[in-house]
């Protein structure tokens, strides 16, 4: 214990947090112990990007994880919370490319691959630790000695091993398929790196003449430039308008190519004209149609998003075909080509109408440009085959989703999963372990030497230029970080992991793929539970975005209030299956809770409360002592059950109620008169009980509020410095009849004082005014209780007397029910009863009027359908608050 004269007036988070964290870290408090006989508890950090900075999503995920691991550590489990960062292929490459540009240095392609990668590694060494420093500020008790990076040599070896294994099993292969192509970054990107943006554009209706000259068919498209690569027109097989045309052909304007009219259910008769142009090489749905009908798939765009004509043909010039115009499109940027094509179609009479049209266009989330579905040769993984055991594991209960509803999302994605494009046209990342011979043959091996040996020729093989999708290495995270494939000793102890805590947005991209790889490579699920949390929104329920100006910086909150209030606010709001509405006010409220705990501790210290070695709670005799011990047991039981069920909100609410209401508001207040008589046995018992319960409080709160609790634990001398983190989780004591009787008696006292305070508050009785309390219809035991606690009732309920009432109620009395008795508080002459009735009636009527307006709004189906979800939710919350006010005001009127 470090020495302090007395606790200061307030907890100074700035002076204590980093000091305490360093004490924990240097003392090995976070470290797992593989040699321990304790049951392991393993949880994997979702590795943040090495380029990242702490945002509220991180704060949510890591607060919940840290609360869980601190609790399990206190339960005596051998906790491994595995830290690390992701190499973040595109993000990191862009950061370093921008850095080179800002320095005026030559670009990536000018300096070459090796020099560029050296520069990335230097940047990582200099700046890549930013996010891990910020996680320390949050209080995350990660086992930093085991920190991993997805491009560490050990993890890279695991990546190569898995790639080679899957390739040899036929589960990784090369294919020419459509991918999301970013023309600016010039790489394939994952669906997670694509964001849909609403764009106000046009829907062009274009006339395609029938080959037999007997009319034409009209198609509608938002992308007329892709018509150069059309292979068919699709109509629904049951659309009577086009039944007679199925099997016939149209002549494609501009190129003059002959393309068929095919029947396919992809075409929606209710949408547009019901006829759809099919461009298999530039649309994912069209690609599927093309494969079903064995259509040609000419690509008309290069990797920079420019028109290329290498794969298409034109007929001679006719009134339909204009080969000279088409030839002139070669090399044009796609949107410039669009304008030219629309203009030429209009000149030739094929543009039927132009309709203003708002639609969603996929954009690269980093480049900001519209992505292009592009037919390219890439490496793919047979995700459908790998998904089958993952689906079965969830169906059987080997892996459990919490909340359970997320299982449906998991199943929906995995039962309709497409081949996973795992190659990226980048330099930063795990280079694909495939080598090519001069004749184009492919040799997949863990090393160049193995590939060369397999080839057997004298020519030097050339390694594939591409790197793997970042999610490929992330999918191996639960076992690659534990030493596989080189050393299985740690893996056998800590795998499978116990729980994964993450957001719903990466169930498919990360959770599902970890399950695929874990089951296929390790033959075990990677985690037993998957806890899915929602998004962090602002206090109005709106999604945070820079454009709205409502982004909350967690580090700014930590600087202003400390990590504890932010962490506690997050836990308090983290209910299952719902988003978190977090604003500065929530953190300020939690900061007041920290202050409440601190003030109670100051009170205890000033009244001589300190840990009593050998104190046995079973020996106490005072009803107040027995009551607070029973209440502490209730809190321990409820907090433990909540954490076991991942109900972080219930855990935090339990702690809040017990500390603020039970311990501070009632125990401390009821203990004050006893503590004034400093040398009595009663005072000694209350001090010992207070010290014991404060120790329980600090341990209960530690998972969510580690800094203030460790500070107080150290200060009071409950254990050596920095020892709360490994102190045992409190256990429920043995119940006995005396403790239960004390619980009933003090609970009765608390309810009586609470009812009187409510009446006085509702009736606007001045705090300085004492009022008598009359007990009508009270049984003998109630009267005896009132007598035993007369002084406390008088002090805390502002009562001039507490007596039984026989006969009629005094005129102008307020009433409240307490068990079998009626509490009567005479108010004649204390307040203006008529004025009070008028005030209460006026406030109730106003609340009713406001509630009626909100009800009308919520009953308006058009409002509910059109308004933003957060606005509808605000109105529902407002209605609930108004209904509570109406009930409260009605009850107050009934009291009169």
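Glycine residues also receive a Cβ, built from the backbone N, Cα and C atoms like all the rest.
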Swiss-Prot annotation of motif ''KMSKS' region' - which of the ranges 533-537, 538-542, 543-547, 548-552 it falls on
543-547
Swiss-Prot tags one of 15-25, 26-36, 37-47, 48-58 as motif ''HIGH' region' - which one?
48-58
Would you count the other CB atoms within 10 A of the CB of residue 546 (ATP binding site), including those on all shown protein chains?
7
Mean pLDDT across the motif ''HIGH' region' (48-58) comes out at 90
Residue counts in helix (H, G, I), strand (E, B) and coil for the motif ''HIGH' region' (48-58), per DSSP?
3 helix, 1 strand, 7 coil
